[in-house]
Amino acid sequence: MPSRRRTLLKVIILGDSGVGKTSLMNQYVNKKFSNQYKATIGADFLTKEVQFEDRLFTLQIWDTAGQERFQSLGVAFYRGADCCVLVYDVNSAKSFEDLNNWREEFLIQASPSDPENFPFVVIGNKIDVDGGSSRVVSEKKARAWCASKGNIPYYETSAKVGTNVEDAFLCITTNAMKSGEEEEMYLPDTIDVGTSNPQRSTGCEC
C-alpha cells in the first residue's frame, strides 16, 4: 500500500501577555474557551492534523510567554518556525505598538534564511469585548502597519466566540507551506516486520 506523506509545520504565536494567544490556540485546536486567565510560563504547544489540497499536515502551534523575562527562551523555540503569528489586543494600544518589537525579536532569534520573505500573519484579537466599544486600535491603522511590513496578512478575531479563527489559521497554514522550511514525515501504511537475516553493509556506497 502507498505511504502517506505528512508534513510538519511549526507555527509560533507571539505577542504581549494577555492578548489571547493561548485562547486563540485552544479555540482553533480544541474549540474551547476559558474565561480564567492563566499566564503561559515559558512556552507550550498543541498539534492539529489538517488536510489541505489533498495533503496531510501536522500543525505544531507554539504559544510563548509574553513576559520579557522569558524572551531569552526564544532561540530554542523560534528556530525552525515556518510561520510567525503576531497577536495584539484591539483594546490595547500598547500591545499593538509592541508588534514591531516582537517581529524584530523573532527575526533576530529565529534567523530565517530569507527574512525579507518570511511569512508572518497578524491577528487583532478580542473584537468582542464590550461589543467593540472599548476598541482603541482601528482596523485601518492595523492594516496600514501590515502593509508597511510587506503586506502581512491581517485578521481580526474573537477567540471567545470563534470569529475568524478558522480563517486566520487557514491563512497561517497556507503561508507556512510556502516557507519551504517544512519537515516531512513519512507514514507507511504497513510495516514489514517479517524480514529475517538482514544483510550487513560492509561499506558505504556514496
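Every residue, even glycine, has its Cβ placed from backbone N, Cα and C.
Of the candidate ranges 37-45, 73-81, 82-90, Swiss-Prot annotates residues 37-45 with the feature motif 'Effector region'. Cβ neighbour counts within 10 Å, taken over all protein chains shown, single out Gly15 as the most crowded of the binding-site residues Gly15, Gly18. Applying an 8 A CB threshold to same-chain residues 6+ apart, the list for Ala159 (GTP binding site) reads Gly20, Ser23, Leu24, Asn26, Gln27, Phe33, Asn125, Lys126, Val165.
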